[in-house]
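Pulled from TrEMBL:
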TRANSMEM  12-34  transmembrane segment
TRANSMEM  315-335  transmembrane segment
DOMAIN    320-521  domain 'TM7S3/TM198-like'
TRANSMEM  342-358  transmembrane segment
TRANSMEM  364-385  transmembrane segment
TRANSMEM  392-413  transmembrane segment
TRANSMEM  425-442  transmembrane segment
TRANSMEM  449-470  transmembrane segment
REGION    563-596  region 'Disordered'
COMPBIAS  581-590  compositional bias 'Polar residues'
Amino acid sequence: MITSGTYSFKVLSLISSYSILINVYVPLIILSSISSNHAASTFSSEVLEIRSDGNILCDTEEDEVIFENVTTLSPMSRIQVHVNETIIPPGTEFLVVQVHTQNFNLSISYNQTLISHFHVNGTNVGLVVPVLRGKTSDVFITNHNISRNISALIAVLAYGKNAPVPGGCNMVASVETAPYLEISYSRSVVRVDVQAPSPPEDSIETCSFMSVNVEMYHAYLPERDYSSETYFATIQEMLTVNRIRKHAHQVRETVEGPKMRRIFSAYPGTGSVYAVIATYEGMNDNYYSAYIPAVTYACSTMSWADSCEVLTSTFAKLLCAIIFFVGLFVCFLGQRLFQPQVFIHSFFLGGLISYIVFSGFLQIGLYVSTLTVAFTVAVTSMFFWRSVGWPLLHIMIVYLNLGFLMASVIFFAGLGDFYLMESDINYWSSFAILVLLFPMVTTCFSKKICIIAGAILGAFAVIVPIDHYIGSNLKFILLNTVRRATVPEFKYAVINPPYGDRDLALTATWIVLSLIGMGIQSALQYNRPPYPPPPSNFCCCQLRWPSHRQQLGERTPLLVDARIPSRTPPDGYDDVFEPSRSPSAPSSNLLFPRRA
């Protein structure tokens, strides 16, 4: 039974709720409506009439572009793209209207106001516009930035009734038909996702079963070139099917993983452009269409210096300087100063292995742990050498370092993109064979292996800091191998490294420095033992080196240090050994004294 007090309380609560609804939510709805209308009215509008003039290419049999031009959108402005029916080629089934910017997002939509599932934001985006009876609807490109002028490349492409629709079988993207690429990146990889194409409108095939394939292509911008002119020129080279095949490199299909995703090795600071061609296998011929190309630098274009430049901190610059001078030492003086070389080679191998092992489960203190283990391995190797005097351990370390670098070079040069290398078993077994192959090949040069390896590894250490400063990509010879060991998805990555003029110059420098280092170290080691004996003040060294093991005493032979004469003695000279010269003895006319 409800009491009067309870009933009165519920009535008051109901009245209070209605008053809150009327006094708060209704004004908010009215205010949002007014603000949206006001925002729509604050945009400055411009109509881009695409008609037949000097800027338009109409030969659709060879080039589907009917318009491409770079324009500038002022802050809070909108361009209405209207394609005149006189410019649309006969038989056109749909248009792809696209817009490209370098740093800031633009919106492209079917309506003046942004409606969910009818617009898309980004730097390389566009929409598919159907053509009905020779006419098409307009699209709107909007700059929502309140203080920036944005340069944009606007392009319109026409396709016939037999062409597949790029992104027509979209299952994820925000618009029904998504002809653009979605790019995401990390420090190690770039991921390119594409929505499946749909068969032509007249085809009986569906998205679940169709004969439409996709081919992905890839090209690079010049290294450390962030200019808008280069950016737009590269995109224009990737707009159509013919241009893509002319200027880009086709990427292999992935054996494992999603079919509509490709993963690439990231090279921060070097722009890369991606394009996709959809192919429909018709009854009599194949028909093609191109997705909207996309560009990424694998870093934030809003702050070039902080993310695209590798050397951003004082510590990084200091580390590069240390590596540079250590490389010079190992390249030219490594074998002459043997003990520091033992430390450096052991430090590199220990640091490399420990980083690969620790990166799987250490997030904090990774670099400290790596340096600690590397230093421990280096000190242990030096102690082993000084105490035992056995050079075999150092030779093995040098073999492994040189083999690791040479195997990384081979995989960087193209073997890593072979489809069988997606399997970890195939990759690491092949890598191990290459690492061990170099010691087998260079066995006949075992006395010179430390000189050869020191010159090659030292020269590489010299060019790595230069590589950082000039913006080339030879440093990724080792980094890609480390990525393969530490990043799980990197096994699907396309390596295909950029190799420009700077990389070619550094490669030549690497070769020249290696040859010079071999020559200098060979000259310094002339008439010297290949591996110097360890210091004699360690107890175990006497077990290995006879010159340190034998002690002088009353039973020591007097001729222990005598030398065999280096020239033929005169007639009548019957002394077999040359007498030792004392510091005070004359240096001439006493080697072969005449008998009285």
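Placement of Cβ uses the backbone N, Cα and C atoms for every residue, glycine included.
Taking every recorded stretch in 315-335, 364-385, 392-413, 449-470 and counting its Cβ pairs under 8 Å to the transmembrane segment (425-442), the highest total belongs to 392-413. Among 315-335, 364-385, 449-470, 449-470 has the largest number of CB pairs under 8 A with the transmembrane segment (392-413). Sequence-distant contacts of the transmembrane segment (449-470) (same chain, at least 6 residues past either end, Cβ-Cβ under 8 Å): 224, 310-311, 320-321, 323-324, 326-332, 334-335, 341, 345, 348, 394-395, 398-399, 401-402, 405, 442, 502, 506, 509-511, 513-518, 521-522, 525, 530-531.
Along the domain 'TM7S3/TM198-like' (320-521), the predicted structure has mean pLDDT 88.
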